[in-house]
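Undergrad: The structure under discussion is supplied below as structure tokens; questions concerning it will follow.
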Amino acid sequence: MSTNSSIQPVSPESELLSNTTCQLEEDLSISFSIIFMTVGILSNSLAIAILMKAYQRFRQKYKSSFLLLASALVITDFFGHLINGTIAVFVYASDKDWIYFDKSNILCSIFGICMVFSGLCPLFLGSLMAIERCIGVTKPIFHSTKITTKHVKMMLSGVCFFAVFVALLPILGHRDYKIQASRTWCFYKTDEIKDWEDRFYLLLFAFLGLLALGISFVCNAITGISLLKVKFRSQQHRQGRSHHFEMVIQLLGIMCVSCICWSPFLVTMASIGMNIQDFKDSCERTLFTLRMATWNQILDPWVYILLRKAVLRNLYVCTRRCCGVHVISLHVWELSSIKDSLKVAAISDLPVTEKVTQQTST
């Protein structure tokens, strides 16, 4: 009787724990989390500073929409990394004793919501950036006249609100986020799934993530093919494509990083949701795919840091010098963004502005 009475007060909280466990190297996990969070915060902070400076420079120009979305993506990565990393370090510092420091499951719910949001929102933003560039390259006049910064901000808000809604679905459905087998993170229920609703959350998360990656791939492929066709057909607008190529290269970098980092975790969640694999047999593998997914938040900002026009230009010069080729004048990279976009978009507003300037000068 005394044994039963001592267990009963703990049982409500223990129901939130996974019934399986993962063997982890404690010291390695703690140091990994601290170093990982520090590097991620510094990387995203540097990328935010670069993108904000570029956005202020091109605020009324052709790159403003792209830079706005890119800044939102990096800011999302920054706060997701900061919040999730802080909670993870706290959990390790508390010896992963969830029953002691989170009896009401509030911290686990916050952790789970942040995990889902910081996972889906960057993928959505990456696909939205790919769509924006695809329209900008294939339909430049429509993009220049119809898609304004106000519209981009509305789409950005819609994407963020949708990601928040998906993250809040279990709470709205009176379900709890579960402490996973490693006791270091919270997510949807992944072991001993018997309810269709628990499967639905996993499959919805995996489907939305894979759909975002698929949209990014298709749009980036269309954009790249369109630019290559213009390049081989005519050299008339070669000067107007430098910024297009810069943004497309960055998008391709984001897409590759997202696919490599997120695909294993999304496929694993889909497999668990469809009961193809048992979570008990893949606990360590699931934790490994989760760490791969979180690497996306570190690598994303370096795409913008390293794949900028200035860096690519210097890399181009160094490569040609190393190959013993005479360095030609890179006038493609030297035109302003507004002139480039006007040439590509074929908007003939220049005569009107010239008339106005002539009238004012006289």
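The count begins at 1 with the first shown residue.
Every residue, even glycine, has its Cβ placed from backbone N, Cα and C.
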Undergrad: Topology question: in Swiss-Prot, are Ile30 and Arg313 both on one face of the membrane?
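TA: According to Swiss-Prot, Arg313 sits on the opposite side from Ile30.
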Undergrad: For the topological domain 'Cytoplasmic' (132-152), what does DSSP give as the number of helix, strand and coil residues?
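TA: DSSP classes over the topological domain 'Cytoplasmic' (132-152) add up to 18 helix, 0 strand, 3 coil.
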Undergrad: I need to check the long-range neighbours of the transmembrane segment (199-224): which residues 6 or more away from its ends have a CB within less than 8 Å of a CB in the stretch?
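TA: Non-local partners: 116, 119-120, 123-124, 126-127, 129-131, 133-134, 137-138, 166, 169-170, 175, 188-190, 193, 248, 251-252, 254-255, 258-259, 262-263, 266-267, 269-270, 272-275.
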Undergrad: Fewest other Cβ atoms within 10 Å: which of the disulfide-bonded residues Cys108, Cys186 wins that one? Let me know.
TA: Cys108
Undergrad: Are there residues at least six beyond either end of the transmembrane segment (32-54) with Cβ under 8 Å to its Cβ atoms? List them, or say none.
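TA: Residues packing against the transmembrane segment (32-54) from afar: 63, 67, 70-71, 74-75, 77-78, 81-82, 85-86, 88-89, 92, 291, 294, 297-298, 300-302, 304-305, 308.
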